[in-house]
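A.B. asks: The structure's right below; bear with me while I get my questions together.
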Amino acid sequence: MKKPNFNIVVIAIITIMGMDLIDTTVMNNILPKIAESLHTTPEFLKTGISIYMIVMGMFLPLSSWMAEKIGFRYTLMFAASGFGLFSLLSGLAMTDTQLFAFRAIQGLFAAFSAPVAMLAYLKLSENMLEGTASLSNYTLIMAISGQIIGGIFASISPESWRLAFVMQVPFACFAVVAIYKYFPKQISSNQKQRIDFVGLCLLGFSISALFVLSEILLKGIDLSIKIYIAICVVVSISLYAFTYKKIRNPIIDLSIFSNKNFTIAFVSNFSCRLTTYWVFFAWPVVLYHLSHLNTIYISIMSVCLMIGTIISKKTAKHIVYFYGYRTCMVLGLLGVSSVMLISILFDIHYNYITFCAVAMGYGFVLGLYQTSSNAVMYTVADKNKLDSVNTLKSSGNMISSAFALTIFTITYDLYYRYDISHHWLDRFLNVFTQTYYHVVVTAALAQIILVVWIILKMDNVKETLQK
């Protein structure tokens, strides 16, 4: 592929990813405006719009497989055109029912947009480390852009929220035309394979049900319903595991878990996100509680956190090239644990500047770990199984992000209920006087446990330095 054409394709792929990411972050800011315009409540609207994620989770297992089946070119065109069309229709919706219906169908196309675009980008990259590092930077920049755009569209006028959906149309048009004209034609690796309907139904249902469970777990919904959903998830996953060996062409190749380095990277990545990603929700609340500053200052703190992650990529690549993936993962997790503990002291002796500095430091060390753990999953896996790696990683990220705040809330409630403010550790440190600090320390200790496991079990895989 010619260099100019290659650059256009890369921009188009990043645009498709950006459409999904910006959509998600913008929604957080414009939700109250939508509720006001459609004469409903934000709480009801949030519950209804969650159908976007439910449908996305349902079709997520199919995305990478379909890209390998019919080709990335047609899959990306399908995703971008459908996402743009139903984003436009969402912006034109006049009732909450219309909005929910359009968002549900948009969720279907979202399942084929960012995950497939990510895999296509990695396949065009020189190596997995360079690809995941640069891709992570792009996603963070788009997340920051989403917050800024959402804030603008939420403040212009009562109906300005519609612009957040309509603006996706020119992006979609550019992506479709660029992919159609310049994306290289490819010979699909599994053209003759039949779709694994059993896997699609069982795994798609499991991912969607888990997301529903994360949404209702802490709400006043009958306990029997929550238990029923949890049992259904366990049964679905168990059925797929039981029938897996009988499926000729499984939608996700679970044999990749026989690679211990992949398994350790995947499980530790999932566990880290589950025990640390609550920070993105909780720290803005903590900052507001400590300072009562307006949302602009809180947004600046969130941006500092993301900037720290962006800065970390170059350092992460240097460490991996010279010292290996395991070393970078360990340093990142140790850093996450340390910054969490340090954050307690800065909460007690609050200063806005130092709070932002700690947030940037947290983003930096988390970026070290995330960059290396994400890249090593693709590096150690067989090249013909990258679609399964991508689907598992995307599904794991979606589920862990959904449950992170739930886990934080449950842990907080347990500490509060059993009132361990007089724990023996209080004799040594005064910081164990509030329930929140107990949760922070618990999360920090969880990272130490992951560090020990990685050191003892994982090989120190190295990446070849690019000249």
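Positions of Cβ are set from backbone N, Cα and C atoms, glycine also.
Quick caveat, the model's predicted, so the values are computed rather than measured.
Below are the features I grabbed from TrEMBL:
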type	residues	note
DOMAIN	9-462	domain 'Major facilitator superfamily (MFS) profile'
TRANSMEM	7-27	transmembrane segment
TRANSMEM	47-67	transmembrane segment
TRANSMEM	74-94	transmembrane segment
TRANSMEM	100-122	transmembrane segment
TRANSMEM	134-157	transmembrane segment
TRANSMEM	163-183	transmembrane segment
TRANSMEM	225-242	transmembrane segment
TRANSMEM	262-283	transmembrane segment
TRANSMEM	323-346	transmembrane segment
TRANSMEM	352-369	transmembrane segment
TRANSMEM	398-416	transmembrane segment
TRANSMEM	436-456	transmembrane segment
A.B. asks: Give residue numbers and ranges for long-range contacts of the transmembrane segment (74-94): same chain, 6 or more residues beyond its ends, CB-CB under 8 A.
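C.D. replies: For the transmembrane segment (74-94), the sequence-distant neighbours (Cβ-Cβ under 8 Å, at least 6 residues beyond its ends) are 12-13, 15-16, 19-20, 23, 38, 63, 66-67, 102-103, 105-106, 108-110, 112-113, 116-117, 120, 162-166, 168-169, 171-173, 175-176, 179-180, 183.
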A.B. asks: Apart from its near flanks, which chain residues at least 6 from the ends of the transmembrane segment (100-122) lie with a Cβ under 8 angstroms of it?
C.D. replies: 10, 13-14, 16-17, 19-21, 23, 48-49, 51-60, 62-64, 66-67, 72, 75-76, 78-80, 82-83, 86-87, 89-90, 93, 128, 131-132, 135, 378, 386-387, 390-391, 394
A.B. asks: Ranking 7-27, 47-67, 163-183, 323-346, 398-416 by Cβ pairs under 8 Å to the transmembrane segment (436-456), which is first?
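C.D. replies: If we count Cβ pairs closer than 8 Å to the transmembrane segment (436-456), 323-346 scores highest.
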A.B. asks: Which residues, given as numbers and ranges, are at least 6 beyond the ends of the transmembrane segment (398-416) yet have a Cβ under 8 Å from it?
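C.D. replies: Non-local partners: 53, 56-57, 60, 207, 210-211, 214-215, 217-218, 270, 273-278, 281-282, 435-436, 438-439, 442-443.
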A.B. asks: Where among 7-27, 47-67, 262-283 do we find the most Cβ pairs under 8 Å to the transmembrane segment (163-183)?
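C.D. replies: Most contacts with the transmembrane segment (163-183): 7-27.
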A.B. asks: Counting only residues 6 or more past its boundaries, what in the same chain has a CB within less than 8 Å of a CB in the transmembrane segment (262-283)?
C.D. replies: 256, 301-302, 305, 325, 329, 333, 336, 340, 359, 362, 366, 369-370, 373-374, 376-377, 380-381, 389, 392-393, 396-397, 399-401, 403-405, 407-408, 443, 446-447, 450, 453-454, 457-458
A.B. asks: Can you tell me the mean pLDDT for the domain 'Major facilitator superfamily (MFS) profile' (9-462)?
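C.D. replies: That region's mean pLDDT is 83.
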